[in-house]
Amino acid sequence: MTASVAMHLSDGVLDAPTSLLFGAVAVTWLTVAAARGRIDIDDRTAPLAGLLAAFLFAMQLLNFPVLPGVSGHLYGGALAAILLGPWVGALCLSVVVAIQALLFADGGLTALGANVTNMALLGTAVGFAVALAARGLARRSRTGLLAVAFLAGLVSTVAAAAGFVVEYAIGGQADVSLGGLAGVVIGVHAVIGIGEGVITALAVGAIAKVRPDLIYLVRTSEARQPVEVTS
Amino acid sequence: MTMSRVSLRRFALVAVVVTAVLAIGVSAFASASPDGLEWALRDGCTSQAGELRGTCPAQHEREHALGEFALDGTGLAAGVGTALVLLLVWGGVALMRGRGARE
């Protein structure tokens with residue numbers, strides 16, 4: 001019963017050195033994110049980050065059907081990146097993934113580094129890169145913003161899945177065909193990514209309607225009021 | 001985009017209500033099917049009495065070390081987790097700002 005609720009990567013799928021390696025990757029990345037993210041923080045960031053993290057936590061528990069007998073859930077990397085930027089977004093989502101592993105037994109303890117790397121770091125970074133590349137379109141119209149949010153959500157989900165495939169290639173514990181695994185994992189996440197894209201677009205669209213200034217991706221520099229540290 | 005903005009307080013209130021409904025409704029709404037990753041990793045194995053048999057990427061998967069102490073997927077537990085995440089991240093980012101804004 002307890003084993004069937006696991007949704008993130010469990011312990012024992014990757015070997016110990018690989019788990020350790022991605023633990024180190026996650027710690028390094030989060031240290032950089034904490035340093036760089038500080039510049040992005042203004043009065044609105046802390047409440048928005050808290051609310052978004054809570055929303056993502058709830059949404060990650062809400063599996064939606066994607067294929068017969070297969071479900072998916074929101075990862076949230078693109079949404080976090082679009083609303084909070086890539087650094088605060090990554091920190092926010094890391095807390096979500098860590099709490100799931102520590103309190104809900106969702107995602108193994110030794111696999112925490114890999115889970116954080118895939119969902120919170122890769123998902124956020126790739127989601128932000130896609131959104132940033134299409135920022136002109138996102139600023140032009142509401143339709144443009146929704147399209148960019150959808151695309152960022154879709155690509156970030158596939159990127160998180162690809163991250164796992166790379167980890168498995170480095171230190172997977174079972175003797176299975178890597179090409180086959182890559183096809184299945186990335187294929188199913190491309191379908192989940194459509195759901196991710198739709199939810200990301202809906203959430204960004206709802207916020208754009210009432211508080212467009214809260215969307216990191218499209219707010220103008222004067223709206224952001226960066227705290228210039230003169231030193 | 002000049003339009004009447006809702007206050008941050010009202011925005012937060014609506015966000016909390018939406019999130020609470022999602023979290024507490026988890027057990028009622030969520031699909032019970034395995035998620036994409038779990039499904040892909042168990043492809044090739046069969047589950048017999050909780051043990052994975054056969055060859056699949058997850059065949060050496062271990063039970064979660066804290067499994068027996070873990071909160072379950074009920075609405076109440078999800079609500080507790082959601083509230084905890086809200087406080088941790090809100091407080092953490094506020095602390096980051098506190099240190100960063102010192103000039």
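Cβ atoms here come from the backbone N, Cα and C positions, even for glycine.
It should be emphasised that the depicted structure is a prediction, and the values quoted were computed from it without experimental measurement.
If you check TrEMBL, you get these features:
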TRANSMEM  A:12-34  transmembrane segment
TRANSMEM  A:46-67  transmembrane segment
TRANSMEM  A:79-105  transmembrane segment
TRANSMEM  A:111-133  transmembrane segment
TRANSMEM  A:145-166  transmembrane segment
TRANSMEM  A:178-207  transmembrane segment
Chain residues outside the transmembrane segment (A:178-207) and at least six past its termini with a C-beta under 8 angstroms from it:
55, 59, 64, 66-67, 70, 72-75, 78-79, 82-83, 142, 145-147, 149-158, 160-162, 164-165, 168-169, 172, 214-215
Maximum Cβ pairs under 8 Å to the transmembrane segment (A:12-34) - stretch from the list A:46-67, A:79-105, A:111-133, A:145-166:
A:111-133
